[in-house]
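Asks: Annotations for this protein, taken from Swiss-Prot, read as follows:
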type	residues	note
BINDING	7, 10, 33, 37	Zn(2+) binding site
ZN_FING	7-37	zinc finger
């Protein structure tokens, strides 16, 4: 049975047969729920703790 994965950027659960799998040169596997998460992490190098729409967001200052 396929397992439910978790997005490497926002922390959202990814249902089976959906999402994007990215494999780095060192062999580590990253799962993304959307192209928005993939671009934010890999291309734009954003910190998920600073974005309100992620589960790891830290509010306040």
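Each position is counted from 1, following the chain as shown.
The backbone N, Cα and C atoms fix where each Cβ goes, and this holds for glycine too.
From a predicted model like this one, the values you see are computed outputs, not experimental measurements.
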Asks: When a 10 Å sphere is centred on the Cβ of residue 7 (Zn(2+) binding site), how many other Cβ atoms does it contain?
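Replies: Residue 7 (Zn(2+) binding site): 22 neighbouring Cβ atoms within 10 Å.
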Asks: Out of 10, 33, 37, which has the highest number of nearby Cβ atoms, where nearby means within 10 Å of its Cβ, if these are the binding-site residues?
Replies: 37
Asks: For residue 33 (Zn(2+) binding site), which DSSP three-state class applies?
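Replies: Coil, per DSSP.
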